[in-house]
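K.L.:
Reproduced below are the annotations present in TrEMBL:
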type     : residues : note
DOMAIN   : 28-189   : domain 'Glycosyltransferase 2-like'
TRANSMEM : 253-273  : transmembrane segment
TRANSMEM : 285-316  : transmembrane segment
TRANSMEM : 336-361  : transmembrane segment
TRANSMEM : 373-397  : transmembrane segment
């Protein structure tokens, strides 16, 4: 499970968090920062210049993550508001700044001048046109030489974006672009809580799940001008993105494969329960019984884990429960799983005992009952899995119900 940001730990200057809506800015430029004194001023100046040229009221909010250089001093000297976030991480800094922002539209980008803050207007136009989340697309806009390492450009970003599109049925081409804009209401509905770089993936996944209007605008990526190694760590942060993308896709990763394997396994066990069979000249014996048993147990486990994952996601993001979670909350899943699983486990255990007694008192070769033994042992294990999963599911549902009550 990905570590989640505890918003109670977000340290901000409460005196500047909220303003009268009548005097609130239209746009808040959100800039995460950790020791960016060489480029932060450039980014702030570009954003303020766009506000001035378009004649709109805007603000710059810097989410500082513990800078030890002159970043804070530079930001404040240029008129930006600085929000101090002691919880480390890209997502933590973004969240703190976004929570403090007063604008109707929030537009975020890095502080290293790799994203051109002068293109802020394209995001504002898309938001004014009805979009709720506007994603930059670096691959459509162009990547300058040296702006992105080859490993990221040709492998990391394309592969992760493809996996995310497939698992979450999202049309976004550049899942991890750091320049994006959204409405203040959309930020609340997305509810991204990851403190690290995976915050970027979680935001898009939750936006798609919440049914937000999402648009993409081509942007150009430039070499950063910070003069030091980036905070991004390729394999560590790539793995964080991947595990979040997978964990937040229970339908595709658990439920659909689980149902497929369970049905195939049960059909195989039913056909082979009494012994080997020939179908179309093909011989199906003990090895296929073992494969059917394996498919049955893996499929059932995937379904049970999928239900648990659905509820776990709904605990962190109550608006993203889908159709299964409300159905589980209305029903009695604990009783159903305990009863049906208990009956299955007891029936399998009794059948196993009867077979053992038959071998003991009647005698005869055991090989004749091997197929049936696989079937009833599988039933016993499956039943116990259902019983145990039922109690865990009940704990999660009670937790979810308690959170919604408050």
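Numbering starts at 1 and runs along the chain as displayed.
Backbone N, Cα and C atoms are what each Cβ position is placed from, and that goes for glycine too.
Each of the listed features needs to be described in terms of its position in the shown structure.
P.N.:
Tertiary proximity for the transmembrane segment (285-316) is limited to same-chain residues at least six positions away from its ends with a CB under 8 Å from its CB atoms, namely 1, 4, 191, 193, 247-248, 250-251, 253-255, 257-269, 272, 276, 322, 324-325, 328, 333, 370-371, 374-375, 377-378, 381-382, 385-386, 389, 392-393, 396-397, 399-400, 403.
Through the fold, the transmembrane segment (336-361) approaches residues 369, 372-373, 376-387, 389-391, 393 of its own chain, all at least 6 residues removed from its boundaries and within a Cβ separation under 8 Å.
Listed by sequence, the residues of this chain that lie at least six past the ends of the transmembrane segment (373-397) yet keep a Cβ under 8 A from its Cβ atoms are 269, 273, 286, 289-290, 292-293, 296-297, 300-301, 304, 307-308, 311-312, 315, 328-329, 333-338, 340-349, 351-352, 355.
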K.L.:
Hey, which bits of the same chain come close to the transmembrane segment (253-273), Cβ under 8 Å, at least six residues off its ends?
P.N.:
167, 246, 284-285, 288-289, 291-303, 305-307, 309, 371-372, 374-375, 378
K.L.:
Just to confirm my parser: what is the rounded mean pLDDT across the domain 'Glycosyltransferase 2-like' (28-189)?
P.N.:
94
